[in-house]
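Asks: According to TrEMBL, the record shows the following:
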DOMAIN    48-279  domain 'Peptidase M24'
BINDING   113, 212  substrate binding site
BINDING   131, 142, 272  divalent metal cation 1 binding site
BINDING   142, 205, 238, 272  divalent metal cation 2 binding site
Ligand code: MF3
Ligand code: CO
Ligand code: CO
């Protein structure tokens, strides 16, 4: 029998092993899933993603300034498109695998990938996720926020708050040389306290040079599983937290096949940032 297991991590040829090389190779020898070298961003790439993050934050700030009851999600799309292109950048979602608009606007039971529409008018009490991704000079930054339209119910208010806490707790668990599963475990533990469902069918992702890169960042699971995260990696954490079941479906009414809704049509909330892993923990690149 011929068996050849390919190494994922390769030291740079002709150079002595760095401390990072040694740590990663030891983890790989123990059977852990380690990154490939191309997932570690160079200083120049990090600077580019950081600049893209600044524009992306500007887009969401602009939405925050204007979003209100009576506005259509198509108007939100225009705000995002105008701000992004006005700052020399491109909306990554526009025409991405058939997605027809520049931003995802997901209201109440829509979990994610909601498509902006003329007929979707924001109502008092709605909770809406606005998810935008910027491409600037080829570099991607991806983030989303929840907005509460006017006053909502205490139940929906709590869902939005806990979803944000899930992101923060996940980010706190992300330490250099930790595992993706450490993040997911911390998030799930928090959501469990409220008997909320953490969506399993969609996950966070590496980002920066492409929209979706390795690794998959699951928002549930066990410590010590999934890929090892090392300094220089850039990825999102974006837990989708459902008031009821974690089960989700693609909405049969969406002719584009993008919109994801909860199985019980109870509301869902999500917050997302793009993070850089450093020697000390994560830095938010979309703040
Ligand atoms: N921004 C989403 C994410 O967080 C992806 C949206 S893809 C789109 O990964 F095509 F729906 F826009
Ligand atoms: Co996003
Ligand atoms: Co994302």
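Indices start at 1 and increase along the chain as displayed.
Even glycines carry a Cβ here, placed using N, Cα and C.
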Asks: Just how many other Cβ atoms lie inside 10 Å of the Cβ on residue 272 (divalent metal cation 1 binding site)?
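Replies: Around the Cβ of residue 272 (divalent metal cation 1 binding site), 22 other Cβ atoms lie within 10 Å.
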Asks: Quick one: of 131, 205, 238, 272, which binding-site residues lie within 10 angstroms of residue 212 (substrate binding site), measuring between C-alpha atoms? Sequence order, please.
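Replies: So the list is 205.
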Asks: On a C-alpha basis, identify the one among 131, 142, 238, 272 that is nearest to residue 113 (substrate binding site); the candidates are the binding-site residues.
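Replies: So, of the listed binding-site residues, the one sitting closest to residue 113 (substrate binding site) is 131.
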Asks: Which residue, of the binding-site residues 205, 212, has its CB surrounded by the fewest other CB atoms within 10 A?
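Replies: Selected from the binding-site residues 205, 212 on minimum Cβ neighbours within 10 Å: 212.
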Asks: Which has the fewest other CB atoms in a 10 Å radius around its CB: 131, 142, the listed binding-site residues?
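Replies: Lowest Cβ count within 10 Å among the binding-site residues (131, 142) is 131.
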Asks: Out of 131, 205, 272, which binding-site residues have CB atoms lying under 6 Å from ligand 2?
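Replies: Those binding-site residues that pass the cut-off, since their Cβ is under 6 Å from ligand 2, are 131, 272.
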